[in-house]
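Asks: This is the structure, below, for whatever I ask next.
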């Protein structure tokens, strides 16, 4: 297997410029004209956005390296081109999609295990998800202090302080050294499309005429709150496919101007991650025309076949709405990316699934693949499940039901389907370490918030994302060697590029899907037998095949759970007390008035509620820290 070698610095050499101000990274003189398109789908992640960011970090490095490999005369591997035309994300995955989209048009220094991290401006993925975020920032009180100074400036919007999130996104828009990656965009010359899901709190009204019910002009109506905003980004005007991007970002500025398209991207990145109650909602907007060329669904038409069904909007111009976390309704926007790759929004949209014909695929990056067990049923629900229980569990119930899409996810885990793949956290743990199996990432405890508790947790998860991405590209993102993608140069591909199966567990002699020589076997058609050797879709150079090892210094730090929890609880109580005072003295006072008899005791009530909340916070954080310590023992 020939290797193109490595470049100095970050491994991304600068080639001659093909656009004013943009250096071209990794030209492709050795490509054979065949194209495989990847749509990257980033699921909701909360603090595990660090894991997703690590996956993206390695994917960028691998794709840059693949383009350099093909330029080496000694290279004897696959010569097709891999392109990334679309990234779709929800919640923390949506925030990562937006940050990654900007990073793709700039140079990057990759994060290496056992080494100091790059400067923030050289890797915004790492800076945003590891260095800059943290529970200490989310517990600051700058937003509440502003409300105290100027009560007319707004209202309390969230339990946590979101100022740090605004700062992170603002910094993500500040770049130097712009670059043009030839693998970013689609096979038709269009730029990169970003699609972010949001929960549209205002809602979109739809009406339908129903057979037998419309004689009097009656219709059936409903509201849709699962929205998405679509951006097209390119360093210059691009040949966008049918269905123009909602926002055509053809010039990348140093900073966003309030109210412009770049400001909308910034707002949307924050909106998709606006976890209800915990984080502040964001106001975004879509033009009514966007619901035509980016219709969510189509209805049959006698003459046109299928026509877009659009919401019944009377607003002229931008349709503004407050929005919350996109993961509340669409946490894994696989269908959005799949339809985009198929270039067809109708129900007939289809990408080839069989290995021999597949030429495009969605890759789901999901830090929390929802490995669930039967929920406990405490006591006698007839006697104990009452008003408070209903109120506290309702949000989770609605969220879980909205996310229930088994028909979409099962295809991503079907080994005979080559149009959908998934990357999820995998870490070696001792057989007797139940906590380690439950928490492969350090961000998994505390309902997904534990990554915010300590930087070492996030750094570990970022590196695990890189490690898992490396294994995914080596062993899983493959096609049978008989695939049309390799047809015109199959005989020239060296045998050393065939994908070997992962090493067998101790004592295991025979395995399904592995031949006698240890090569991985896959199916050529959907639901067919695994009987054909395979080749990688993104071949890795020898340099990138060296296993990423997460050493002791990159694992979650060891410290007193009680000590850190006590310190954080003090910060929490300070913020919560200010929060309670602000609500009691302004918003709740206006709502209830002074004649309830309660107002003279509001200070005592605020102290009591703050103390109770602080105790619960400290107990939950202590338990989460102990769980992570056990998982990484």
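All positions are counted from 1 along the displayed chain.
Cβ from N, Cα, C; glycine included.
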Asks: I'm validating the feature mapping. Which of 84-88, 89-93, 94-98 is tagged motif 'GXSXG' in TrEMBL?
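Replies: TrEMBL lists motif 'GXSXG' for residues 89-93.
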Asks: What three-state secondary structure does DSSP assign to residue 91 (active site, nucleophile)?
Replies: coil
Asks: Counting across all protein chains shown, how many other Cβ atoms sit within 10 Å of the Cβ of residue 325 (active site, proton acceptor)?
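Replies: Cβ-Cβ neighbours of residue 325 (active site, proton acceptor) within 10 Å number 26.
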Asks: Cα distance, residue 91 (active site, nucleophile) to residue 325 (active site, proton acceptor), nearest Å?
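Replies: Distance between the two Cα atoms comes out at 5 Å.
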Asks: Name, in the order they occur in the sequence, the residues of the same chain whose CB lies under 8 A from the CB of residue 91 (active site, nucleophile) and which sit 6 or more residues away.
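Replies: Looking at Cβ-Cβ distances below 8 Å from residue 91 (active site, nucleophile), excluding near sequence neighbours, one finds 43, 44, 45, 46, 272, 273, 275, 325, 326, 327, 331.
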